[in-house]
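Notes follow the structure.
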Amino acid sequence: MSDVLLSAQGLRLAFGGVKAADGIDLDVRRGEFLAIIGPNGAGKTTFINMTTGYLRPQAGIITYEGQAITGMAPRRIVARGIARSFQLPQLFTEHTVLENVALAIAAREGPWSPLAPLLRPRWREEAVDLLERFGLTSIAGARADALNEGARKLADIAMAVALKPRLLLMDEPTSGVAANEKMEVVETLARVLRAAQVTAVFVEHDMDVVERFADRVAVWSQGRIAALGPPAEVLSDPQVQRDVIGIERHAAA
Amino acid sequence: MRRTETLLAIGGAALLVLLAILAPWLRFVLTIALAKGVAVLGILLLLRAGQVSFGHALYLSFGAYTVAFLAPAMPEALILMPVAMLLSGLLGLVIGLFVSRYRDIFFSMLNLAISMVFYSLLEKLYHYTKGTDGIRVGVPRFLGMALERDQFEWAMFGTALVLALAIGCFVRLYLASPMGQALSAIKTRETRLEFMGLPARAVLLSAYVLSALMGGLAGSIIAMTTRHVTPLLGYWTVSGELVFIAILGGAGAALGPFLGAVTFELVRVYAAASFADAWQAILGLVLLGVILFFSRGLWGMVESLWRRRA
């Protein structure tokens with residue numbers, strides 16, 4: 001079994017004159033937590049969108065477990081074991097949190113009989129258990145449109161985890177989470193993902209989170225990877241500090 | 001609420017039977033109402049996904065004309081009904097493959113357009129359809145028995161009632177299943193479904209085919225009850241009527257469409273008898289009242305009354 005789970009080679013995608021991906025080469029290693037940092041508009045979300053099939057690169061190839069997935073439909077990519085969460089949580093707002101997660105379980109388990117209920121005992125149990133691991137038990141019965149931003153974010157990630165992916169791509173999992181809860185949320189998340197042996201790629205703006213949880217960090221800049229390596233090494237690089245972290249700290253302030 | 005719903009369904013069915021016994025002339029109206037209720041159940045499935053079809057009279061008329069064409073060769077009600085239903089479902093599959101790619105106004109208008117094409121065919125192909133004169137449907141046999149007109153009307157009323165209950169049960173289970181829940185997910189966050197590996201188009205298509213099956217069945221019951229089919233059954237106003245009934249009855253539960261259909265037909269009959277020129281205005285006022293005061297339809301009204309009592 002190769003050490004590389006996902007590999008992107010020479011990805012290019014431009015929106016008009018803006019190069020959102022200008023030759024991205026990146027290997028994601030099995031089991032690692034890889035953080036993606038960089039200023040807004042650098043192409044971080046575009047990378048996630050290309051990997052999950054939402055956008056098709058104009059050039060380049062993406063392989064997962066050694067097989068090309070470039071330009072496949074999102075649901076075929078999901079079927080192979082890649083799930084994602086969203087910068088703006090994408091919940092089914094007319095459903096409860098429990099039903100949202102149960103729908104994800106149902107999607108993973110399909111096809112199903114049209115007459116057995118969504119909240120059948122086995123799926124309900126699994127959903128309850130997952131929400132417990134995410135610390136969301138208290139809001140399981142709440143409608144998804146009645147949650148605060150932090151809870152919506154976690155519920156969104158819980159839905160992705162319910163798909164039992166081997167690779168999870170998270171777009172800013174901590175944005176919108178209150179500053180004093182941030183570490184706790186990431187702590188919870190890291191525990192759940194490690195226990196489920198999920199490889200994770202996450203876009204992050206909080207350098208403390210990156211330093212503490214990422215095994216490696218990739219610095220995005222104008223559609224390219226400007227630096228890649230362990231956080232301690234990359235984050236202390238003077239150029240990265242000036243070009244990225246400076247901006248990040250400034251933006252955070 | 002589940003048990004309440006079952007009790008209300010049984011109570012409602014008993015009430016209809018009682019009405020049909022006490023006022024025999026209402027039997028005809030109630031049979032039509034039950035048939036329309038079945039068609040509206042199909043509309044309700046699509047409404048769950050946030051999609052409004054302004055063309056489901058197509059399936060109603062297709063089912064009705066199937067009966068009109070096949071009745072001379074196959075005069076058995078219990079064969080004609082499933083055949084009309086299945087052929088209509090097949091047509092729904094073909095059209096659904098196309099329209100399930102579209103949403104909102106485009107979905108509504110495409111359904112309308114296709115139904116109007118079919119309506120024109122019914123009207124223009126005089127050689128086959130006898131145009132606006134329509135086709136008379138003889139009294140078919142029922143379970144192999146040649147029934148008197150009165151007995152046959154009872155048989156159709158009973159069949160419509162049993163089918164309404166059975167399909168109502170099915171829809172209730174379907175809506176609680178992952179399939180039905182995914183329908184409302186299409187309304188709120190369709191892209192997420194795709195990112196979970198659930199093909200939204202297939203979910204909508206299944207509901208669409210089910211709605212076509214129900215429309216075809218309803219049409220076959222209407223054809224054998226009125227015993228005369230004309231292109232009018234496929235006109236856009238009939239499609240609008242189905243949506244009207246869905247909103248009037250409320251899309252919250254499987255009982256809503258029947259509540260809406262029975263109310264609609266009774267208001268129409270009585271309003272037409274008392275105020276011949278103004279019955280549409282009266283129906284309009286009833287709907288306006290329901291939308292303004294009970295946005296969840298008559299079923300929503302029943303529900304809140306029940307809650308208040310409990």
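Heads up, residue numbers simply count up from 1 along the chain you see.
Placement of Cβ uses the backbone N, Cα and C atoms for every residue, glycine included.
Keep in mind the model is a prediction, meaning the values are calculated, not measured.
As written in TrEMBL, here are the features:
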type	residues	note
TRANSMEM	B:7-23	transmembrane segment
TRANSMEM	B:29-47	transmembrane segment
TRANSMEM	B:54-71	transmembrane segment
TRANSMEM	B:77-98	transmembrane segment
TRANSMEM	B:105-122	transmembrane segment
TRANSMEM	B:154-177	transmembrane segment
TRANSMEM	B:198-222	transmembrane segment
TRANSMEM	B:242-267	transmembrane segment
TRANSMEM	B:279-299	transmembrane segment
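Tertiary proximity for the transmembrane segment (B:54-71) is limited to same-chain residues at least six positions away from its ends with a CB under 8 Å from its CB atoms, namely 39, 42-43, 80-81, 83-85, 87-88, 91-92, 95, 108-116, 118-119, 122, 129, 135, 137-138, 140, 211-212, 214-220, 222-224, 229, 231, 233-236, 238-243.
Counting only same-chain residues 6+ beyond the ends of the transmembrane segment (B:29-47), those with a CB under 8 A from a CB of the stretch are 16, 19-20, 53, 56, 59-60, 153, 156-157, 160-161, 163-164, 167-168, 171, 174-175, 180, 183, 204, 207-208, 210-215, 217-219, 221-222, 225-226, 241-243, 245-246, 249, 251, 254, 256-258, 260-262, 264-266, 269. Counting same-chain residues at least six beyond the ends of the transmembrane segment (B:105-122), those with a Cβ under 8 angstroms from any Cβ of the stretch are 51-58, 61-62, 65, 95, 98-99, 129, 131, 231, 234-236, 239. By the count of Cβ pairs under 8 Å, the stretch nearest in packing to the transmembrane segment (B:77-98) among B:154-177, B:198-222, B:242-267, B:279-299 is B:198-222. Outside the transmembrane segment (B:242-267), and at least 6 residues removed from its termini, the chain residues within Cβ reach (under 8 Å) are 5, 8-9, 12, 16, 29-30, 32-34, 36-41, 43-44, 47-48, 52-54, 56-57, 60, 164, 168-169, 171-172, 175, 279, 282-283, 286-287, 290-291, 294, 296-303.
Nonlocal intrachain contacts for the transmembrane segment (B:154-177), taken as residues 6+ away from its ends with a CB within less than 8 angstroms of a stretch CB, comprise 5, 9, 13, 16-17, 20, 27, 30-31, 34-35, 37-38, 41, 44-45, 48, 77-78, 81, 142, 147, 183, 210, 214, 217, 221, 224-225, 253-255, 258.
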